[in-house]
């Protein structure tokens with residue numbers, strides 16, 4: 001009982017922190033937009049999007065708590081969990097959409113709203129008017145965008161009740177750090193457009209070039225959806241599917257983020273003698289690491305899996321137990337017992 005109370009308190013704390021972070025970040029970015037486009041009232045609708053994200057995150061963490069609480073009581077609650085998508089979607093398969101799909105859906109909605117604000121700010125002349133002497137200057141803008149890393153951390157922690165030292169716990173810890181670094185990399189990349197960094201780059205920073213920078217940053221903010229999808233899978237499928245998802249994520253990241261980031265930073269350094277970010281080495285390291293790991297991972301994915309040794313009746317067609325019952329481990333055990341009994345009976349008759 002005490003453990004449940006502690007977990008409930010921690011989950012409520014995370015939900016409150018999440019709501020405050022989203023509200024603070026939204027208010028900061030909205031201030032830049034509303035103060036610049038003061039002639040129109042449509043920009044106030046961004047606050048509506050912020051409140052939608054707050055309620056969506058609160059619902060996501062609430063459902064995650066209820067599910068994880070059920071999971072701690074029974075070995076596999078996927079078929080009996082009140083909020084399982086199987087109750088609402090016909091022929092729903094947790095192997096395709098995950099047990100708790102709201103974790104990646106909520107981040108996708110939040111990221112799209114954030115990217116729309118970033119696009120409005122950085123494709124307008126707002127960065128040109130920012131001054132380091134003002135409180136609402138370029139530094140506060142960078143901090144506001146960088147808060148996404150903490151928001152991501154809180155979201156993931158609200159779905160992580162794994163034991164310390166387990167593969168899932170280690171994975172969660174590593175992706176929180178990596179995603180935080182990626183968001184800081186994106187903020188550093190956006191700083192190219194801000195006035196202090198862009199005054200000598202007017203010929204290069206054409207509207208198309210700026211839009212390209214914003215688009216690349218957008219990809220980097222949406223890529224965590226794949227990581228969160230992997231986390232949403234049940235334990236049964238999480239052990240089977242991570243490698244293909246990881247390979248796809250790494251390929252997408254190196255082709256759409258690390259390579260473009262590295263190329264643009266190198267161009268600005270060589271051509272314009274621009275004071276490039278130290279993150280250029282992070283991009284180079286990411287490219288080299290991907291080149292080292294992607295080939296063996298792809299080879300492993302394409303290698304035909306060994307034939308499964310599930311029990312089957314003598315003289316009958318092989319039936320793969322896992323394909324019938326999916327994540328329901330109790331049903332797997334019961335079905336295997338029945339098959340073994342029939343198999344032993346068949347051998348005894350012989």
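Glycine is no exception: its Cβ is also placed from the backbone N, Cα and C atoms.
Summarising the annotation, TrEMBL assigns transmembrane segment to 12-33 (among others).
If you look up TrEMBL, you'll see 45-68 (among others) marked as transmembrane segment. Here the transmembrane segment (45-68) has Cβ contacts under 8 Å with residues 7-8, 11, 14-15, 18-19, 22-23, 26-27, 29-30, 33-34, 77, 81-84, 99-100, 102-103, 105-106, 109-110, 113, 116-117, 155, 158-159, 161 of the same chain, all six or more residues outside its ends.
Residues of the same chain lying 6 or more positions beyond the ends of the transmembrane segment (97-120) and with a Cβ under 8 Å from any Cβ of it are 22, 25, 29-30, 33, 43, 46, 49-50, 52-53, 56-57, 59-60, 63-64, 67, 78, 81, 84-85, 145, 148, 151-152, 155-156, 159, 190, 214, 217-218, 221-222, 224-225, 228-229, 231-234, 327. What TrEMBL lists as transmembrane segment is 97-120 (among others).
Same-chain residues lying 6+ beyond the ends of the transmembrane segment (140-157) with a Cβ under 8 Å from its Cβ atoms: 14, 17-18, 21-22, 24-25, 28-29, 32, 57, 60-61, 103, 106-107, 110-111, 114, 118, 121, 130, 172, 175-176, 179-180, 183-184, 186-187, 190-191, 194, 221, 224, 228, 231. Summarising the annotation, TrEMBL assigns transmembrane segment to 140-157 (among others).
Under the heading transmembrane segment, TrEMBL lists 206-229 (among others). Same-chain residues lying 6+ beyond the ends of the transmembrane segment (206-229) with a Cβ under 8 Å from its Cβ atoms: 98, 101, 103-104, 107-108, 111-112, 114-115, 118-119, 122-123, 148, 152, 155-156, 175, 179, 182-183, 185-186, 189-190, 192-193, 245, 248-249, 252-253, 256-257, 260-261, 264.
Here TrEMBL flags 241-264 (among others) as transmembrane segment. Long-range contacts of the transmembrane segment (241-264) within its own chain (CB-CB distance under 8 A, at least 6 residues past either end) are made by residues 95, 182, 185, 189, 192, 212-213, 216, 219-220, 223, 226-227, 229-230, 233, 279-280, 283-284, 286-287, 290-291, 293-294, 297-298, 300-301.
Non-local neighbours of the transmembrane segment (12-33) in the same chain are 43-44, 46-47, 49-50, 53-54, 57-58, 61-62, 110, 114, 117-118, 120-121, 126, 136, 140-141, 143-145, 147-148, 150-151, 154-155, 157-158; each lies 6+ residues outside the stretch with a CB under 8 Å from one of its CB atoms.
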